[in-house]
Amino acid sequence: MLISKSKMFKTFWILTSIVLLASATVDISKLQEFEEYQKFTNESLLWAPYRSNCYFGMRPRYVHESPLIMGIMWFNSLSQDGLHSLRHFATPQDKLQKYGWEVYDPRIGGKEVFIDEKNNLNLTVYFVKSKNGENWSVRVQGEPLDPKRPSTASVVLYFSQNGGEIDGKSSLAMIGHDGPNDMKFFGYSKELGEYHLTVKDNFGHYFKNPEYETMEVAPGSDCSKTSHLSLQIPDKEVWKARDVFQSLVSDSIRDILEKEETKQRPADLIPSVLTIRNLYNFNPGNFHYIQKTFDLTKKDGFQFDITYNKLGTTQSISTREQVTELITWSLNEINARFDKQFSFGEGPDSIESVEVKRRFALETLSNLLGGIGYFYGNQLIDRETEFDESQFTEIKLLNAKEEGPFELFTSVPSRGFFPRGFYWDEGFHLLQIMEYDFDLAFEILASWFEMIEDDSGWIAREIILGNEARSKVPQEFQVQNPNIANPPTLLLAFSEMLSRAIENIGDFNSDSYHQVMFNSRTAKFMTNNLEANPGLLTEYAKKIYPKLLKHYNWFRKSQTGLIDEYEEILEDEGIWDKIHKNEVYRWVGRTFTHCLPSGMDDYPRAQPPDVAELNVDALAWVGVMTRSMKQIAHVLKLTQDEQRYAQIEQEVVENLDLLHWSENDNCYCDISIDPEDDEIREFVCHEGYVSVLPFALKLIPKNSPKLEKVVALMSDPEKIFSDYGLLSLSRQDDYFGKDENYWRGPIWMNINYLCLDAMRYYYPEVILDVAGEASNAKKLYQSLKINLSNNIYKVWEEQGYCYENYSPIDGHGTGAEHFTGWTALVVNILGRF
C-alpha cells in the first residue's frame with residue numbers, strides 16, 4: 001500500500017470487502033472498483049499543508065512513524081531586529097495585512113498569498129501535486145511592496161525526515177548541487193519509501209554589495225548565496241524550528257561580535273550576520289535549514305521551486321515548466337469544481353457583481369479547506385477530578401495525564417487563533433465542506449468518530465494532540481475531562497449526509513441501491529462518490545453504529561437533569577404525569593458566569609445557579625442526536641432501535657413544549673426553581689439563540705402555532721433582528737452587551753445558518769418566486785439572508801478577513817480574525833440558498 005493507513009480505515013475497508021465478497025449480487029470487478037476508490041482517496045489526500053498552525057507547513061496524512069515535515073519562514077534580514085519578525089506560525093501578533101488561500105483544494109493544490117508590510121514583502125506560495133497525488137511542488141514567489149525601501153526577503157525552509165536514522169545514516173541527506181544555489185536531497189521514510197527533494201531557483205537577486213569583495217562575515221555567514229545547515233533534532237522538537245533557528249543565529253551573532261569587538265560593520269552586511277551557519281560543527285542529521293536572502297530593491301522579485309518526487313514514480317515533476325503547467329491546471333480545475341457546486345446569480349443585494357461575490361466565496365471556502373490538518377500525538381485528560389455541581393465555581397483540572405497517541409484529520413475554526421479540532425465547530429464545518437467535496441467531509445467525520453472512546457462513548461470537546469498543537473492553547477484549556485460535553489454537531493452533519501444519499505437513491509432500504517457502485521473511470525473528476533453510492537455509507541454506518549450508540553448514551557447519561565426536584569411543582573400545575581422523566585437535561589460544568597459545555601459560553605442562564613436547572617438547548621441537542629440515530633437505524637434496518645429512537649424523539653419534542661415553553665414570554669426558555677419560592681417553576685427567559693434553537697434544529701412540529709411566534713421573535717428589530725444578522729441576545733435583555741460580551745449580542749454565523757435552513761424546511765415558499773404578498777417567514781428569510789451575507793462580505797472587502805462574530809451595533813468584525821470555520825457557511829448561503 002502507498003501509506004500505513006489508520007486502524008479506522010483498515011477496518012472499514014476490510015469490512016466493506018468482506019461484505020462485497022459475500023454478496024451474490026456483486027462481482028469481483030465491483031470489489032476492484034471499491035479498492036480503486038480507496039486508492040484514489042488515499043493518494044489524493046496524502047499530501048497537503050496539513051500543519052494548520054503554520055503560514056505554510058507540510059506533512060502527509062496518516063503517516064506518523066516517519067513523516068517528512070516541511071515549513072517556510074521569512075524575515076527582513078537587513079533590519080537589526082529582523083529575527084523578531086521571523087514569520088512561522090500564523091498569529092495575529094504578526095499583524096500581516098493579509099494571509100490566506102485565494103484558491104485551494106487539498107486534493108489538488110492552490111495559491112496562498114501573504115502581504116507583510118513590516119517585512120516589505122508580497123509573498124505567494126503555490127502548492128501543486130502530480131495527478132496521482134504521489135509527488136508535489138511548492139513554488140515560492142516574492143515581490144517587494146515598496147522597491148524603494150531597502151530590505152531583504154530572507155526565506156528559510158526547513159525539512160525533517162522523522163523516524164530516526166537508517167542503517168546509521170541520516171534518513172534525509174543532501175546529495176548534490178544542480179547549480180550554485182540549487183540543492184538535491186535523498187530521503188527515506190519507512191512509510192513513504194525513497195524520494196528525492198530538490199530546491200531550485202527560477203530567478204531572483206541575492207543580496208550583495210558589488211563594492212565588496214565578499215559578503216562573508218564569518219565562515220558560512222554569506223547572504224549572497226544559499227546557506228544550508230544540517231543537524232539532528234528530535235522528532236518531537238521539530239515544531240520548534242523557529243526557536244532553534246533564532247537561537248542558532250543569535251549564537252552566531254554573539255560569536256561574530258566577540259571576535260571582532262572593535263570592528264564597525266556596514267549596515268549592508270547585517271544580512272550576512274543574520275545568516276545561519278554551522279557554528280558548532282554539527283554532524284549532518286535528519287533536519288535541514290535552507291536560507292535564501294533576496295534583495296527587495298529589485299522590482300522583479302524572486303522565485304524558486306521545492307519539489308518532492310517519490311523514487312520509481314510514473315509522474316515525476318522535474319522542470320520549472322511542469323510546475324507552471326501544474327499551477328495553471330490546478331487553479332483552473334479548482335475553479336471549475338467550485339462553479340459546478342455553487343451558483344452566484346444576480347440578486348437583490350448590494351454586492352457589486354456576481355464575479356466579486358464569487359471571488360469572495362471562493363476565497364472563503366479555500367480558507368476553510370486550507371485549515372484542514374492532520375494531528376498526531378498524546379492528549380491531556382483528567383479523569384480524577386470530581387465535579388461538585390452544587391458549587392458552580394470554576395473547576396481546576398489538576399490531575400491531567402497524557403493518553404494516546406491519537407490521530408485526527410479535521411478542519412479548524414481559525415489557523416491563527418484556534419488551530420485544533422473543536423467538536424462544537426466541526427459539524428458546522430462539515431455542512432459547508434460536504435457541499436463542495438462530500439467524500440472529503442466523510443473522511444473528516446470518520447476520523448472524528450474514531451475518537452469516540454470504546455468504553456465510555458466520550459469525545460473531548462477540544463482535540464489537542466501533541467506539543468505543537470498544545471503550544472497554541474492557553475494552559476487552562478489544555479486538559480479535557482470526560483464529564484464535560486459539547487453540542488453534538490457531528491451527528492447533525494452525519495444525518496445530513498445520510499439524507500443526501502437517501503434523496504439520490506430513493507428507497508434506501510431497497511435492494512436496488514446496492515447496485516450503484518463506484519465508477520473508477522470518473523473518480524478523478526468526482527468527489528461525491530459516497531453521496532451517489534450509499535452502499536459505502538451503509539457499510540460504514542454498520543461499523544460505527546456501536547460507537548455512536550455509546551456516544552449517544554454517554555451524552556444522555558452525563559447531562560441528565562434532576563426532574564424529581566420539580567415533582568410537587570409540576571403536580572400542582574397538572575402536568576407531572578405528562579412529563580417524560582428520562583428526557584430532561586442540563587449542562588454539566590457551568591459556573592456562575594459561564595456555561596462552556598453549551599458552546600454559548602457567557603449566554604445568560606439562571607441566577608443564582610441551581611442543581612435543578614434544566615437547559616432547553618441541552619434537550620434540543622438530545623433531540624438532534626436521537627433523530628440522527630433513528631435515521632441510522634432506519635438505514636441499517638434495525639426496526640426495534642428505530643422505533644425506540646422515534647419514541648425518545650417524540651418525548652423530547654413534547655418535553656420542549658411541556659417544560660420549556662413560556663406562554664407569557666412566547667419563547668423557549670431554561671427553567672429553574674424560583675430562588676424566593678421553591679414551589680414555583682421559574683422560566684429563565686433570555687430571548688436569543690437559546691430561545692430559537694428548537695426551531696433552528698427543526699424540532700417543532702410543522703403544524704405547531706409556536707412556529708409563528710418564533711418567526712415573530714426573529715423578525716423583531718427591537719429584539720434580535722438586525723441589518724447584519726440575528727443577534728445572539730435580545731437588545732432588551734439586561735445582559736445585552738455586558739461583561740465579556742461573547743454570546744450576549746454579537747452575531748454568529750452558525751445559528752443564523754441553522755435558522756435560515758429551518759425556514760426553508762418549515763416554509764418551502766421562502767425559496768419560491770411566486771406572485772402575491774410575501775408571508776412573514778418569507779420576508780424574514782429574504783432580508784436575513786441578504787443582511788447576513790452582505791455584512792460578512794462588506795467586512796471582508798474592508799478588512800480582508802472573515803471574523804468569529806460580528807457587532808450587533810454596526811456589523812464590524814469582532815472576536816477572532818481570519819475565522820473561516822463556521823463563518824464560511826456564508827458560501828452556502830450565497831451559492832446554494
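Cβ coordinates come from backbone N, Cα and C, glycine included.
Cross-referencing ASN53, ASN120, ASN122, ASN162 against the substrate binding annotation in Swiss-Prot, which names ASN42, GLU143, picks out ASN122.
In Swiss-Prot, the annotation N-linked glycosylation site falls on ASN135, out of ASN135, ASN805.
For CYS669, the cysteine that Swiss-Prot lists as its disulphide partner among CYS595, CYS685 is CYS685. Annotated by Swiss-Prot as transmembrane segment, the relevant range among 11-28, 749-766 is 11-28.
Counting other CB atoms no more than 10 Å from each candidate's CB, the active-site residues ASP601, GLU804 peak at GLU804. For GLU143 (substrate binding site), the spatially nearest entry among the recorded positions ASN135, ASP601, CYS669, CYS685 is ASN135, judged by CA separation. DSSP assigns ASN122 (substrate binding site) to a strand.
Other Cβ atoms within 10 Å of the Cβ of CYS685 (disulfide bond), summed over all protein chains shown, number 22. ASP601 (active site, proton donor) sits 25 Å from ASN787 (N-linked glycosylation site), counting Cα to Cα. Across the residues the record lists as binding substrate (ASN42, ASN122, GLU143), the two Cα atoms farthest apart are 36 Å from each other.
Nearest neighbour of ASN787 (N-linked glycosylation site) by Cα distance, taken over the recorded positions ASN42, CYS685, GLU804: GLU804. Reduced to three states, the DSSP call for ASN42 (N-linked glycosylation site) is helix.
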